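Colleague: The structure follows.
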Amino acid sequence: MYQIRIVLLLLTLNIFNVNCYSLTPTPSKKEITKLAKQASKYLRAANFEKSLITSRLVLHHAINAKDNNLVANSYNTIAANYEKLSEYDKAIFFYKKGLSYANKTDNDTIKGWINNNLGNIYCFEKKQYKKGINYYKNSLDYSKKLADTSQIVLTKLNITWAYFDIGLFDKGFPYLKFINKYHEEYGDERTIVALNMLNGMYYGFKGEYKIATSSFLNGIKLGNEGNDKSDLSYTHQEYSKYLLKNGDYKKAYENLALYNKITEELFNKEILKKANIVGINLELDEYKREIEKIEIEKDLQYQSLRKSRIIVLLFVIILGVLLLLLYTLYKNNNFKKKNNKELSLANDKLVIAKEKAEEASVLKSQFVSTITHELRTPLYGVVGITNMLLDEHKELANSPHLSSLKFSARYLLSLVNDVLQINKIEENRIVLENLTFNISDEINMIKNSLSFIAKNNNNFIIVNIDPAIPEYLIGDKLRLSQIIINLVSNALKFTKNGEVFIDVNLEKIIDKSHFIEFKIKDNGVGIAFEDQDKIFEKFVQVGRKEVDYQGTGLGLSIVKRLLGLFGSDITLESAIGVGTEFTFTIAFEFDPEKTNEIINNIPVDLSSNKQLKVLVVEDNKINQIVTEKILKKNNYKCTLVDDGYQAIKLLEDEIFDVILMDINMPLINGFETSRRIRFKGIKTPIVALTAFDKEEIIEEAISAGIDDIIVKPFDSVKLFKIINVLLSKNKNHDLTPVF
Ligand code: ADP
């Protein structure tokens, strides 16, 4: 059986001149569309060869132009060609390809067409009604979406026919009803014969003979009037079946004969057509292969496009990353540069600040040293004159004013000395000395010198010295005494009617080091727990009364710092109302050989009955009086001169046993005067009598030929000791300075 359904194609809406298009290597979309319409036109004219050649060209261009719409269209035309040539499998293959491209677009028209065309093939050629009807229904959905009633009518007619073919009249009826309603307005005149036939079939099935008969007859009439005879043949066939069913055998036979006749004619035509296209048929496979080649080419193009896209993408990503890296590097570099600049600026500032700080520190120490020097000179006078007054006027011994004066002067002196001491420790200018000493002697000396303060508060000093401690030890006895004096005088100050213990014990011996533990304990007022850390800070005094001038608040900080020089520390235990105990340990060297050497070097002959002649070179009148008084009191013959020149002149004519030389003098200072004295070959021992600190001037003193230095205000005993040592050395022609 041969059926002709309406195949939906891109219609030739305009009149194209076949020769009017000139193919450029890349035709415009308009030109490709023109070609596609031309291919449809060839198909409708049954010129399959031309239609296929043109479609292939369209496909090629459409793929190149990446126009899925046109690709779907060309596949649809190619498939329709195959359908017409009864190559149904190939037709299905290309329809499906077309559909896959159509589905990539939003063109619902082409989607609807291809679904309808697939429905035709499946229902009427492949007899796979279910599949076919599904395609029809898909097509129907697209048409509804587009509100294309003509298309809906056409597809519904196909569905009705399909249902009726398999005897499902009730299922097909709603579609038939719809077509009957809208066919006149929207239907295609080519389908009017089929519509009448379908009505005949339905009403025949329903037993409504009148309407069935009239429908069949009307269909036959219209079929005879029209060109398309295939639907007429089907109508005759269906009418014959109907008549047979109703017992009208004669008419049934007549219609069957007509059906056979028309079918035969059509079949013959078909044979002819097929004969005509037999040559084409041979080429069909070639076309298919060509089309497949286009596909493969397209695939390859697509692949290489994908590859090049990936390459481009990778390139862009790498470029992006590189740019980002470059940017980060640039930023980093800038940041580093900025940082470096800031750092070097900060560094410069720091260097300047450091220089300033160093300068300030030098200035501070110079300032402190100048101030203390300046203060010491007048203090020397004040203390000296006070002593003189007390000596000369015994009746003033009980004068409260004089004792206040003496006390104040001493207080000032100790303050100046303390400040100087702290300053020196802080600047690391103190180097511990190694002297041989006897701990018992030192402690007893301290006890004696503090006995006056002890009496004031009615205290007793009790000394306990461990007999295991060697007789002589080596170390800085002066700093040790300073520490103990500070602690014991504090204990005496803050205790009334009590006892102050000085306990000295040998803690341990490691090699030559004897670790001696010192404990200064009182049963005085005690120190509150919260104040115990504070008291070691500078100028800290706890519970000081306004009128109380005792102490400067520097004693314990000096103690702590001095102990630091010994590599030791101090511990404190105290309770208010119970008392206070300070403990520290110092390692002293014990070396009998060294000790003997030092002891042997101590000059013994300090006694001299001879009245010694002393030249005092001093510009300060008050100090002249004080020094002269001290010397005379101790049976020295004293000559005073106001400056260095006078001294040099006098020394040319007179011989002195010793010269006491002030350093800071106008006209010519003590160093220069000494230098000139030595230049003249005068070897008389020179003792610098100065308010400067010893360490500050020692180097210049040596180079100027000075033999020793004594710092004002001085202890007269110390001065006489120095003089004796120098004189005994001079006697032995040993002129090396003692210092
Ligand atoms: P100051 O010159 O005032 O004695 P210090 O630094 O020697 O300065 O002492 C600081 C403070 O510590 C003192 O003012 C005192 O309050 C307290 N202090 C020191 N030793 C004793 C002690 N043995 N008993 C009670 N208080 C003490």
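Numbering starts at 1 and runs along the chain as displayed.
Yeah, the Cβs are placed from backbone N, Cα and C, and that goes for glycine too.
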Colleague: Under TrEMBL, which of the candidate ranges 165-192, 277-304, 417-444, 529-556 is annotated coiled coil?
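Modeller: The range carrying the coiled coil annotation in TrEMBL is 277-304.
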Colleague: Using DSSP, tally how many residues of the domain 'Response regulatory' (613-727) sit in helix, strand and coil.
Modeller: 56 helix, 24 strand, 35 coil
Colleague: Do any residues at least six apart in sequence from D662 (4-aspartylphosphate), in the same chain, have a Cβ closer than 8 Å to its Cβ, and if so which, in order?
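Modeller: Residues satisfying the criterion: V617, E618, D619, N620, N623, G670, A688, L689, T690.
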Colleague: Which numbers of helix, strand and coil residues does DSSP report for the repeat 'TPR' (72-105)?
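Modeller: Its residues divide into 28 helix, 0 strand, 6 coil.
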